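Participant: Here's a structure for you.
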Amino acid sequence: MAVSARPARAPRGPDKVKKDKAAQTSGPRQGSQMGKLLGFEWTDVSSWERLVTLLNRPTDPASLAVFRFLFGLMMVLDIPQERGLSSLDRRYLDGLEVCRFPLLDALQPLPLDWMYLVYTIMFLGALGMMLGLCYRISCVLFLLPYWYVFLLDKTSWNNHSYLYGLLAFQLTFVDAHHYWSVDGLLRARKRNAHVPLWNYAVLRGQIFIVYFIAGIKKLDADWVEGYSMEYLSRHWLFSPFKLVLSEEMTSLLVVHWCGLLLDLSAGFLLFFDASRPIGFVFVSYFHCMNSQLFSIGMFPYVMLASSPLFCSPEWPRKLVAHCPKKLQELLPLRTAPQPSTSCMYKRSRARGSQKPGLRHQLSTAFTLLYLLEQLFLPYSHFLTQGYNNWTNGLYGYSWDMMVHSRSHQHVKITYRDGRTGELGYLNPGVFTQSRRWKDHADMLKQYATCLSRLLPKYNVTEPQIYFDIWVSINDRFQQRIFDPRVDIVQAAWSPFQRTPWLQPLLMDLSPWRTKLQEIKSSLDNHTEVVFIADFPGLHLENFVSEDLGNTSIQLLQGEVTVELVAEQKNQTLQEGEKMQLPAGEYHKVYTVSSSPSCYMYIYVNTTEVALEQDLAYLQELKEKVENGSETGPLPPELQPLLEGEVKGGPEPTPLVQTFLRRQQRLQEIERRRNAPFYERFVRFLLRKLFIFRRSFLMTCISLRNLALGRPSLEQLAQEVTYANLRPFEPAGEPSPVNTDSSNPNPPEPDSHPVHSEF
């Protein structure tokens, strides 16, 4: 599969150099159909010795070196951004009371200045990897800090960050510095030398697994039926498809089905020579789209850089051969590679054939074991059952990319003083820098344990912590994910046993999604709906905001009793029945049926509707005055409508101020949308420049602190203020709310107010 490589050969051209004899006899016999298709014969894998010979066959190092350079460059760019160097002081500020989520509780961050040193070592390692300078050492200098930072925070885990660590691990063992490297300039033995075929096989196999396993995971019914990413088709990138398809069909056919087919076929398309051009077109288009659809850092570009690994290894030499001769002097060598001790070469019959050495056998075993391990890990969740929730395993190493989308409607954290019995509530996410803990039992256990250590500082002794978390996955009902009656501080949790306080996903209710969509589509623009499913014996305590002047609850399945707390009244609802809920009051919904209940809140934000009507009136009045159809004078408090801003005179009403702010915001959006390409590109570069500038300055400050000691707090404050300046951005340019592109948990959109009062 991953060993399709032709024997190394020099490119054709006027400066062609003959191959060395060893290389001439090292290639596979490609006379048969199998040899032409796969690059090796059946006899090459018919025994262990022949397999070792095949995987250690001399191969051109050119393509491997190009990937090394590009991957190192991507990591140099990634460290200040997604790895978080630019915002390191916000994450690991000394003395900060924060709950962290490492893989192992014993793994803790170093003091802030030392964390900057760790990131500096990682950055220098990535730079050395890119240049091929002290290559092995550079790979280790990048690899160890990378995995330390990665394992330090489970909330930032994702598939591509895991992939970076795997690729860096592989590059540590392969000979990617045998071409186009500083090491090659300094050591003639390393310069332009063959690499064994397994160097390509392990990298190709890894990329193939990423694509193929991602495709297999997308065979999930939710993905095939179009529920996983149903809102993605609203993006402007899918506008061409919506010329011939509806938005729903674009989501189903283009986003979901084409995404499934691409992941399943991408590895095969890239592997075979005949289909590789088609594969290049599809995967390049796919990754370019992903770079615009998602905030996933360097991942699309790393995958684009990995695609040429499937080409003939000598393709860079062919590219150099077509460059002008004056430019060729600055580019990598075109000459044929020299022999390397890492490879096995065929000798003449008279002298016999070379026997595999221990080094060759170990490298072959490493390749096979590594690829088998990568095939096993995505399906190893039966071993680590404690990390299984509604989806299997810790998110990041299963390649189930974008298969599950979640929305959190309601999160309540209750604490009880173990001595006094006093109850209280915590703001969800207090003492954390993330929100991913809501979906994972292992993180919830860590969070509860951390809260139990912090709350005694606030006069809460022996705290008991209870979580009531409502989640919808792939457009299902909102339902509880954990039992709200269990004290998580004392609850049992093991990485190798099923979590007993995890509530099951109500898969039997999945067919309701079609009906739920029909209900949504039947409502007008001002009416909102929230669908709830709850377990027998549990109840939901809720508060209806005073802004929601028209709120009702309707039962879809099962039986519930609704208690109006202030009125001390109860009403039981049967299937299809509905009742009005008073605004500004608490109520409780008890599930009294023997099976899960399903109901929905239907509400209208009357305050928002009235505001929209008033703003529409002001907009209409403004247009009438501007076109001359309104001849009467405006009251003084409405004069800012024409001027666009407040310029003395009577203070405008709050409504007018709201209208002016909305107008300014809409004008700014329109200006940015219609800005020329160069202006948007410059804005993009300035934002990136700020990230790299702040990363550099804060690193210098911390390294100075380690070397010379910390200065006074006043001087430190001045230095940090200078690092936070944006000297390159034009005046009046609004700064983004959060410049930390490393944050894997951006703020959630506002939840429906029916369930967000806690």
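For all residues, glycine too, the Cβ spot is worked out from N, Cα and C.
Quick paste of what Swiss-Prot says about this protein:
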| type | residues | note |
| --- | --- | --- |
| COMPBIAS | 12-22 | compositional bias 'Basic and acidic residues' |
| COMPBIAS | 23-33 | compositional bias 'Polar residues' |
| COMPBIAS | 749-758 | compositional bias 'Basic and acidic residues' |
| DISULFID | Cys99-Cys450 | disulfide bond |
| MOD_RES | Ala2 | N-acetylalanine |
| REGION | 1-34 | region 'Disordered' |
| REGION | 726-758 | region 'Disordered' |
| TOPO_DOM | 2-60 | topological domain 'Cytoplasmic' |
| TOPO_DOM | 82-113 | topological domain 'Lumenal' |
| TOPO_DOM | 158-292 | topological domain 'Lumenal' |
| TOPO_DOM | 314-361 | topological domain 'Cytoplasmic' |
| TOPO_DOM | 383-758 | topological domain 'Lumenal' |
| TRANSMEM | 61-81 | transmembrane segment |
| TRANSMEM | 114-134 | transmembrane segment |
| TRANSMEM | 137-157 | transmembrane segment |
| TRANSMEM | 293-313 | transmembrane segment |
| TRANSMEM | 362-382 | transmembrane segment |
Participant: Over the topological domain 'Lumenal' (82-113), what does the predicted model average in pLDDT?
Facilitator: 93
Participant: Test the contact criterion for the transmembrane segment (293-313) and the transmembrane segment (114-134): 3 or more CB pairs under 8 Å, pairs 6 or more apart in sequence, then answer yes or no.
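Facilitator: Answer no: the transmembrane segment (293-313) and the transmembrane segment (114-134) share fewer than 3 Cβ pairs below 8 Å.
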Participant: Go through the chain and flag residues at least 6 beyond the ends of the transmembrane segment (114-134) whose CB is under 8 A from any CB in it; none is fine as an answer.
Facilitator: 65, 68-69, 71-73, 75-76, 79, 83, 85, 88, 92, 140-143, 145-146, 148-149, 168, 171, 176-177, 180-184, 698-699, 702-703, 706
Participant: How about long-range neighbours of the transmembrane segment (137-157): same chain, 6 or more residues beyond its ends, C-beta under 8 Å?
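Facilitator: Counting only partners 6 or more residues beyond its ends, the transmembrane segment (137-157) has Cβ contacts under 8 Å with 75, 83-84, 100-104, 107-109, 118-119, 121-122, 124-129, 164-165, 168-169, 171-172, 394-396, 433-437, 440, 442-443, 742, 744-745.
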Participant: What number of additional C-beta atoms lies within 10 angstroms of the C-beta atom of Cys99 (disulfide bond)?
Facilitator: 20
Participant: Once the chains shown are all counted, how many other Cβ atoms turn up within 10 Å of the Cβ of Cys450 (disulfide bond)?
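Facilitator: For Cys450 (disulfide bond), the 10 Å Cβ neighbour count is 21.
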Participant: Under DSSP, is Cys99 (disulfide bond) helix, strand or coil?
Facilitator: coil
Participant: For the topological domain 'Lumenal' (82-113), could you work out the same-chain residues 6 or more beyond its ends whose Cβ comes under 8 Å from its Cβ atoms?
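Facilitator: Residues packing against the topological domain 'Lumenal' (82-113) from afar: 119, 122-123, 146, 148-149, 151-156, 161, 297-298, 431-434, 436-437, 443, 446-447, 450-451, 454, 691-692, 694-695, 698-699, 702-703, 705-706, 710, 720, 739-743.
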